[in-house]
Amino acid sequence: MAKNYPVVSAEYQEAVEKARQKLRALIAEKSCAPLMLRLAWHSAGTFDVSSKTGGPFGTMKTPAELSHAANAGLDIAVRMLEPIKEEIPTISYADFYQLAGVVAVEVSGGPAVPFHPGREDKPAPPPEGRLPDATKGSDHLRQVFGAQMGLSDQDIVALSGGHTLGRCHKERSGFEGPWTRNPLQFDNSYFTELLSGDKEGLLQLPSDKALLSDPAFRPLVEKYAADEKAFFEDYKEAHLKLSELGFADA
């Protein structure tokens with residue numbers, strides 16, 4: 001979709017760059033890239049194409065949205081970011097949370113996802129139940145990412161590769177463990193591990209395995225496992241799209 005980005009002031013652009021530097025330092029020091037990426041994704045992934053509600057507009061800071069079951073643990077991310085936000089009040093929460101996701105990928109060795117500022121904070125959080133359910137298969141993934149958010153099959157598989165970062169926590173999701181050997185390194189190992197089958201100590205969710213059994217998803221898994229550069233290019237595009245759902249639509 002064509003975008004018509006708002007023009008922001010020089011002062012605002014400076015605030016964005018200052019926030020970027022502070023985020024780099026925080027994420028490197030606290031090893032919290034996976035948490036920040038999850039915050040950005042869960043903020044944006046509530047967008048609904050048909051009603052034009054939800055999306056990356058800063059509502060994650062509200063107790064109502066933080067209380068959604070899919071967001072268990074994200075209150076930690078919101079608390080960690082608040083001192084930086086207080087220091088840089090010019091930047092919107094909407095931009096700040098999406099910038100945190102972009103910086104998380106970059107600090108972990110992933111691609112440089114483009115960032116366009118100008119999202120405005122919205123007051124009302126989206127209803128619960130719009131984020132993907134890890135226990136379900138490819139039809140569910142297409143319903144949430146495709147029909148609801150307006151993303152493609154390629155976007156679904158590329159974004160799944162973001163699970164190269166982080167781990168599941170039983171008290172948050174009911175699942176336990178990392179997807180890859182180095183959960184702080186952004187690379188294509190999610191796909192190589194997925195293709196090599198179950199291994200002790202590593203996690204494969206039903207929604208991960210769905211990528212192997214689906215005839216449209218599997219070739220993309222194989223492509224990204226064989227070619228990290230191709231994965232980075234497609235991931236960058238998918239992350240950008242996700243971070244701008246409902247923002248600056250021309």
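Glycine is no exception: its Cβ is also placed from the backbone N, Cα and C atoms.
Features as listed in Swiss-Prot:
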SITE      R38  site 'Transition state stabilizer'
ACT_SITE  H42  active site, proton acceptor
REGION    113-137  region 'Disordered'
BINDING   H163  heme b binding site
BINDING   T164, T180, N182, D187  K(+) binding site
Practice task
Give me the Cα-Cα distance between T164 (K(+) binding site) and R38 (site 'Transition state stabilizer'), rounded to a whole Å.
Solution key: 12
Exercise for the section: Could you find out if DSSP has N182 (K(+) binding site) as helix, strand or coil? Expected result: coil
Practice task
From the recorded positions R38, H42, H163, pick the residue whose C-alpha lies nearest to the C-alpha of N182 (K(+) binding site).
Solution key: H163
Practice task
Could you state the whole-number distance in Å separating the C-alpha atoms of H163 (heme b binding site) and H42 (active site, proton acceptor)?
Solution key: 13
Practice task
Report, in whole Å, the straight Cα-to-Cα distance of T180 (K(+) binding site) from the residue listed as 'active site, proton acceptor'.
Solution key: 21
Fill in the blank from the handout: The number of other Cβ atoms within 10 Å of the Cβ of the residue listed as 'heme b binding site', counted over all protein chains shown, is 26
